DNA sequence: TTTGAACTTGAGGGAACCCTCAATTTATTG
DNA sequence: CAATAAATTGAGGGTTCCCTCAAGTTCAAA
């Protein structure tokens with residue numbers, strides 16, 4: 001006889017889906033601390049059902065994360081596809097922080113470095129390799145300073161996460177961080193990208209400073 | 001007759017002092033969220049007594065803040081005393097963040113922009129003027145980029161606060177932010193300050209990049 | 001020393017959130 | 001339509017922290 005002849009009940013599947021959808025929304029909007037009671041209520045289900053499907057908050061979050069991780073993988077892949085090493089590095093940062101800005105739970109998850117579940121840890125490890133590659137390439141041919149360490153990226157992520165949290169203009173902040181606060185000196189005149197405070201089409205400036213600017217396409 | 005003929009009881013004064021000292025310690029060490037029960041217990045006093053002296057958590061914190069605000073005033077004054085405008089600006093940042101690193105409650109207070117009490121708000125306003133002055137001077141003669149806005153300072157404070165919170169090397173982060181991530185180009189070769197990862201005498205690099213470096217004393 | 005006001009105490013009620021489990025309902029299968 | 005396994009339910013117990021207040025204690029003035 002087959003291993004399992006009895007299939008999952010339809011209402012259980014429906015409830016599970018509802019819970020996941022609701023939790024994803026609430027986590028993205030308000031962070032990881034949303035009361036579980038509220039998630040259950042919003043999903044039109046009792047708290048007991050929530051616990052029935054997901055014994056812990058982490059289990060619930062672990063069931064939501066994969067989609068975000070896929071997005072992250074895509075961002076990393078895209079960044080690696082960018083020809084110019086510096087632009088690729090910046091594209092990664094922009095993608096990652098954009099994701100964090102759209103989903104507060106990512107923000108929280110990073111801040112409290114508690115990788116809810118092995119799957120997350122694994123996916124992080126997966127992307128770490130790619131990120132190291134991005135960094136190496138940016139150092140070799142993109143003008144990233146040689147003493148830049150992975151720790152600096154972690155600090156930057158933490159920093160930007162807080163800027164996002166306080167509804168700051170994180171793109172502006174990132175641009176500042178990438179280029180520094182100093183005005184152009186006589187020798188580097190004109191090398192600073194604009195900050196674009198209120199610009200609705202807010203993009204981090206990808207261009208390298210200095211005279212050697214060549215347009216790039218992807 | 002005099003307005004108040006009856007003096008405060010000695011035990012009340014003693015308890016108040018103990019509460020303030022204990023709360024200052026705990027707030028500095030663990031942030032603003034320390035349970036009030038614990039503060040009372042640590043002070044060797046009942047929770048009722050705490051509430052008797054300080055009806056709200058904010059009232060308690062408001063009674064603690066002045067010392068920190070004085071320190072902040074001193075930092076601002078010292079920064080204004082620095083001759084070189086850029087160095088003065090950096091000295092202010094270093095002082096402010098150093099204060100935040102030593103006292104997690106400052107960190108929290110800034111993060112949740114809830115200026116526990118008018119006194120705090122007033123002191124902030126007081127120092128804002130001086131800070132604007134520092135910024136203006138740094139722009140005029142210190143090479144601070146012209147498009148730097150107070151908002152950028154607020155974002156930086158938020159960012160550094162998170163770096164501190166996660167036990168990051170905030171001096172390193174600050175140096176990076178001040179100078180940017182790009183390696184020296186041909187024209188600016190040698191202008192980057194060292195990051196000093198494990199250096200125990202960790203100071204933010206105050207020197208201006210470029211050839212025009214003159215030592216300075218205070 | 002007495003006395004009254006000032007002060008302290010800590011049990012306890014309330015709120016928010018967590019999690020469990022016995023009773024009930026519902027889907028599926030024969 | 002039973003029969004039964006699968007799911008759902010929500011009241012309730014646990015924890016932590018907040019805050020109050022009636023009863024008790026201590027100071028200091030007379």
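Every residue number used here counts from 1 along the chain in the order it is shown.
Any Cβ shown, glycine's included, is placed from N, Cα and C.
Caution: TrEMBL annotation is automatic and unverified by curators.
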Which is it, of A:35-54, A:55-74, that TrEMBL names as DNA-binding region? A:35-54
Which sequence-distant residues neighbour the DNA-binding region (A:35-54)? Criterion: at least 6 residues beyond either end, Cβ under 8 Å. 12, 15-16, 18-19, 21-23, 26, 60, 63
Within the domain 'HTH tetR-type' (A:13-72) only, compute the mean pLDDT. 96
